[in-house]
Amino acid sequence: MGAKTPWIQLQKLLNWWVRDQDWNQHVDQLHMLQQKSIWESPLLRAAKENDMCTLKKLQHDQNCDFRQRGALGETALHVAALYDNLDAAIMLMEAAPYLVTESTLCEPFVGQTALHIAVMNQNVNLVRALLARGASASARATGSAFHRSSHNLIYYGEHPLSFAACVGSEEIVRLLIEHGADIRAQDSLGNTVLHILVLQPNKTFACQMYNLLLSYDGGDHLKSLELVPNNQGLTPFKLAGVEGNTVMFQHLMQKRKRIQWSFGPLTSSLYDLTEIDSWGEELSFLELVVSSKKKEARQILEQTPVKELVSLKWKKYGQPYFCLLGALYIFYMVCFTTCCVYRPLKFRDANRTHVRDNTIMEQKSLQEAYVTYQDKIRLVGELVTVIGAVIILLLEIPDIFRVGASRYFGQTVLGGPFHVIIITYASLVLLTMAMRLTNVNGEVVPMSMALVLGWCSVMYFARGFQMLGPFTIMIQKMIFGDLLRFCWLMAMVILGFASAFYIIFQTEDPDNLGEFSDYPTAMFSTFELFLTIIDGPANYRVDLPFMYSVTYATFAIIATLLMLNLFIAMMGDTHWRVAQERDELWRAQVVATTVMLERKMPRFLWPRSGICGCEYGLGDRWFLRVEHHQEQNPYRVLRYVEAFKSSDKEEVQEQLSEKQPSGTETGTLARGSVVLQTPPLSRTTSLSSNSHRGWEILRRNTLGHLNLGLDPGEGDGEEIYQF
């Protein structure tokens, strides 16, 4: 029985993998079976085709079972609702009222009622009929088709209300709420209808429905619907930040903004920092945004007031503390390096036992290591090093459990690789200390590795500077992206050609060609050849095997000409991609660093930013005042442009009238008319003059920019928001 267990587990794993791979095929088969069952059943087919005559006959047929279901566990009422057959649905409800509350029984549509289908199809009349006959407005569909998954093209939640809100039917939303639909209902992920609206691609309808649903959120509950979190602890506002939904974020910020005053082009506004400010919050909005897997989330950092809040925190507290921390770390590494350079060594007592043995000094024992005055000074540095390593671990380990190992080490913006490096460094320092205390030889191994890792961690502090911050991200992406892929290819090539070289020289005298005398040496020599560190290690004073020339020529072409240049091209492409996002990435680094410092620093060294509303009668909330400089209204500029155009027409007409024949003027004078020359409103300069030509270019450029920038729906302000 025990021998069969591994095979059973393997079979389950294979079945799960095959089922996951063939999900689409499985769904296709279900739908084909559904159509087949509908065609074979007279009741289901009549419901599909809206055949009232057949339905009336079946209604009076004693053998007809209105509870019969199709391949997916759907009833005839489900079929009628699916094909928008109102008459058939009403007849079925009259013949079998219990069908109104029946739900689908089979995956992937478990729990789906006819009301769900009618709402999705926006059949208002059918929705009214179902609600009038007792359909539950809070019915829940729990099948896999209603989950947020890569297999599903849409995610509308599990309740009819969320369906109606996502399809944008305001009338159905009002109907459902009037018939008792719970606007606070949550699906299996804990998402309310507001969460689900944030996830919709049609952001205009989502914002409109968001406002409509909030208007029904009464004061019966202590917590607003907007503050209800899902299973991940995300409110709709935080979810908008994680998803990078800038439209919804701006919409919600407009609801929180309070305009203080306007003075010409200047406007002063107060922004509510609830859920935005990371001060004192366990699940920080800023940290969620920078750690999001979606690139669109970084655009949230450009929005007001997030941009201003981060800039305030970074310039006032973050940058000075970060620079101070970097200086302390460099001093710490200098101390550690000095202790390693002057580590306790003594001359070796034993004689050499092998001709290749080149060791002349060895490590002192613990009793001999701390005797002289210089040893005691070194001991102080070693204590500083060990205490620093312990502090590093105490600061890093709690964050691993708080954030999660995969996210903490995997997010580049959060400094993931540097966390691995610094934790490994601290562990190696403690290992070196343990080896020193126990008189175990070989401390040079962890000590040398710790030196390399410790100094590499200095690059982490480059993120405090705009010029160097993206540079570190570029190095990380090249190492963990391009270099890892290249190393796999390089390993395969080296393994193959090293084996070939070893076989070719297996019958030759190793004294004349020792680079391939044994297999490990052949592997290392091939690695050096691959990186062009050495030339072809051949002794041309003796006859070489013919296959060596062929193999070496092939290796040189593949390794040097092809693969190394391919690697350079890959790194160039990575450099170009990172360069396109350098400012965005650096800003995300600054936000992540600011949040990290704010969480670590004592409260008396990092006070809360913003304005407390309690002091000004604004409640127990914090605000940030932002002044906006409004751009000139393009419509006002357009008036001046039109004035320029009209003045030009007057000039042209005037010059044309001056060029008319003199007979016209004499005829006019003969009639006794007196023509008075009035000065034009604009400057009367020649069209061919340089000044007028420059004025013309300036005016046309202004017109061109206005034509590109004008929009009939735009207003005067800097921040324009409309639906």
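Placement of Cβ uses the backbone N, Cα and C atoms for every residue, glycine included.
Residues annotated as Ca(2+) binding site in Swiss-Prot, with similarity to another entry given as evidence: ASP535. Taken from Swiss-Prot, the feature intramembrane segment applies to 517-537. As annotated by Swiss-Prot, region 'Interaction with S100A10' applies to 591-595, with the evidence given as experimental evidence. According to Swiss-Prot, the feature repeat 'ANK 1' maps to 38-68, an assignment based on sequence analysis. Per Swiss-Prot, repeat 'ANK 2' is recorded for 72-101, and the stated evidence type is sequence analysis. The repeat 'ANK 3' annotation in Swiss-Prot covers 110-139. Summarising the annotation, Swiss-Prot assigns repeat 'ANK 4' to 156-185 and lists sequence analysis as the type of evidence. Among the features that Swiss-Prot reports, repeat 'ANK 6' is placed at 232-261.
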Near the repeat 'ANK 4' (156-185), which same-chain residues lie under 8 Å Cβ to Cβ, leaving out any that are not at least 6 residues past its ends?
111, 113, 115-116, 119-120, 122, 124, 127-128, 131, 137-142, 146, 191-193, 196-197, 200, 202, 205-206, 208-209, 212-213, 216-217, 221, 225, 228
Can you check how the pLDDT averages out over the region 'Interaction with S100A10' (591-595)?
87
Quick test of the contact rule: Cβ under 8 Å, at least six residues beyond the ends. What residues does that give for the repeat 'ANK 1' (38-68)?
75-77, 79-80, 82-83, 85, 87-89, 91-92, 95-96, 99, 102
Using a Cβ-Cβ cut-off of under 8 Å, list the residues of the same chain that are 6+ residues beyond the ends of the region 'Interaction with S100A10' (591-595) and lie near it.
278, 284, 286-287, 289-291, 301, 310, 313-314, 317-318, 322, 413-415, 463-464
Would you mind splitting the region 'Interaction with S100A10' (591-595) into helix, strand and coil residue counts from DSSP?
5 helix, 0 strand, 0 coil
